[in-house]
Ligand SMILES: Nc1nc2c(ncn2[C@@H]2O[C@H](COP(=O)(O)OP(=O)(O)OP(=O)(O)O)[C@@H](O)[C@H]2O)c(=O)[nH]1
Ligand SMILES: C[S@@+](CC[C@H](N)C(=O)[O-])C[C@H]1O[C@@H](n2cnc3c(N)ncnc32)[C@H](O)[C@@H]1O
Ligand code: SF4
Ligand SMILES: [Mg+2]
């Protein structure tokens, strides 16, 4: 049986750490600055691509992902240069997926065809909400009508279009969300990422929440109801859940993200980007400096990595489970009695229909998915 | 040796935090006993836990040389005592070694419950009492009013009270003069057979057991062969010293003097506080009256969080008992918690102190079970047994009746909170014995069951009075009442460590409160969990903990793999803090928190 990293493909993640404004819920490595010298960044990205090319020769690239921050603030020329450099180092798969995260303001939509010409074939648009009041509450710079036209334009320009919505928002009722989701599906996307709003420490929402000022968030029961309703509606529209928060028509899943969930190999370039690469049978994790200026300097003057660690067999296994059980397809657990997982717990959980273990494949059922964290804790903490 | 007329022995007593230890600092410092550069605040509070909490736990003695205004040299033996009610025993035995007391009263607060308790003890010990009004540096100080209050409430003359600030040093010379001129010199006969009181003993890692003595008659010298009358043990004195506060060797101690000896004694338990020490030969046949021993009144189970730490816990408890004879321990097994110890304490603060020390000094994480008092069980066959642990309660069919310990509680409180205090006492099955007023303060005296007080009474009292009430108590013997054992069942299984003794009339209310509390304390599981309180086979309260419905991370991409893995490690550690009961995990903190009452 080939190793995960060989089966799951090889991806390249490029992090663009800048945004036009910081959203109050966001804990991504994103920064708001006056101006960015994109040619410096180009030099840094290209140098890193070259470095990895020398370290990992002969790979076939199955996916490139421009994430952020807001990559739709990058010049199409910069995106093109990066993609060119990548194809100079490695062979691109015939069906290579090249995704760019885009924010749907009109300015950014104006660059869509430029990105397509540079080689991008898939966009993931950060729509987040389908009404202006909530968009403002989320600190977004676009309006609903801008989002709708951006999607429309994207569908003309790119082969594949996905968009993101955040639900379980303040004061959002079950029927509000059902209605909103129906409107989203009416746009006939072939992929949707639907995230329940998470209150992250160190964000504006996190502070407000800690001070008791963030009102109208759903309790656990409503959160569960919202989640189940989401699964049901997407299933009925032919966009089944293939991962906890991701829904797609069959064949339209994000190949890039599947590399993460299937424990494939990817390199992470840019501030705060993580990577996992297999070298000489060893799985290595890489990290980079979080601060854009620090990363830029390190990449320009030498190596754009701040940390490199060889993962132990145990850590590799944990990641395989933590990431893999998010997927509907589950994970392969070789021997039925793998001592690293708690089989008593698996039996208990399978009796109440939260997991299934058949033909050496462990899966979390749709009923188990909303309590995945607990399932993972139960089966991995005293195995 | 010092002439009797040149000796003054006294204790410093007060309500908690009124400034005893700070006054001791100033007396030590102003007489040059300790050099300025070696001084620190509350110098005598040397244990970590004392310094951290800013309270005195152990009484401390210091010998001070003082040249008085009359030009003569005096030896002053000062004993700084703890203020907290749990350590009242330390105060009472200290008082037996001296002839006078400085009664410190915070001039911003006035007479409080332990002020009274201490005065009564001082009067019992025939002490001359010098009132000292402290903290007059504070703007809120009202020395005249407080002096009047002392006369009204306590009935001692306060016209000559010393007005001081122990913090800034105002009035300290007056205190020193008052000690010399107003406190009596000790009495005793140098030529009589040796008669010395064993006042205290503690374990010193370098010297072994150190015994503090007060010589009444005769003279004791290094190398003497001594006999302890009660234990009938004979020792040779290895070291004879006085505390300044560091040990300074001395050739001999005569009548009226206070000092310490070491004599190859193995553990503190081999010494009996209050015992009479005499010479092996030509000793006295007339021992001192002795003290009643301190008895543990609160019991709880201490279990290691990690079962593998049991042996370490055993060693740690043995070592701590070397130093603290007032706490007891015996092995205990619990179906729920495994192997541990049932330990007895002087009160809840004492319990906390011991638990803290075990956790910190010996690095053992502990589960503490609900504190319980000692019940007397009268069996149908006419025998009586003591019940230290509700889990050991025998079958009721064999029980004739039960008795519980009662206390006499004195509570001092400003008028405006009196109503809340009376209600609290009533809710806790209290019987009012007395209610008097002194100005705008009321003093309520209640007969209360100890079991209603032990757990969170003091916390509740502080919270309903915004911290303005003070509280003191004394044990008052046993009384029969309608007491039952209440068990808690989680997911239909009894959890022995959660069973408690409770008055039948209060059982429903307590049961309901405990089930509600547990419902909040136990995390949701994948299935719903019934939580019940029962007496015998009868369920008297019930709650249901709903099943977990949502716990999932919404976004998890490449950069999150490391973070998720670290989280898993944390969860593994967190799981250690849980106890497994069948399929249910109960956090260790639940064993104490479930008992806290909100009213
Ligand atoms: N302002 C002021 N504060 C004082 C004075 N005397 C003591 N304090 C403060 O009161 C607090 C309690 O003082 P301690 O000397 O520890 O009191 P204690 O009576 O020994 O307390 P326990 O041993 O716990 O009963 C400390 O914070 C002291 O700094 C004083 O004269 N003036
Ligand atoms: C890398 S982020 C942002 C991409 C892009 N900058 C944007 O804002 O549209 C990808 C997605 O994560 C989701 N997201 C970010 N923070 C979130 C939070 N606190 N809770 C739930 N979803 C969140 C949003 O839907 C967002 O589109
Ligand atoms: S949500 Fe997107 S646009 Fe908003 S701050 Fe985060 S990365 Fe930037
Ligand atoms: Mg003190």
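Along the chain as shown, residues are numbered 1 onward.
Each Cβ is built from the backbone N, Cα and C atoms, and glycine gets one as well.
The GTP binding site feature in TrEMBL is assigned to B:17, B:18, B:19, B:20, B:21, B:22, B:134, B:135, B:136, B:137. TrEMBL lists B:5-187 with the feature domain 'Tr-type G'.
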DSSP three-state assignment (helix, strand or coil) for residue B:21 (GTP binding site): helix
Listed binding-site residues with Cβ under 6 Å from ligand 4, out of B:17, B:19, B:136: none
Among B:21, B:134, which are binding-site residues, the residue with the most C-beta atoms within 10 angstroms of its C-beta: B:134
Average pLDDT across the domain 'Tr-type G' (B:5-187), rounded to a whole number: 92
Conformational class of residue B:136 (GTP binding site) under the three-state DSSP mapping: coil
Intrachain C-beta neighbours of residue B:17 (GTP binding site), sequence separation six or more, cut-off 8 angstroms: B:54, B:55, B:83, B:106
Least buried by Cβ count (within 10 Å) of the binding-site residues B:19, B:136: B:136
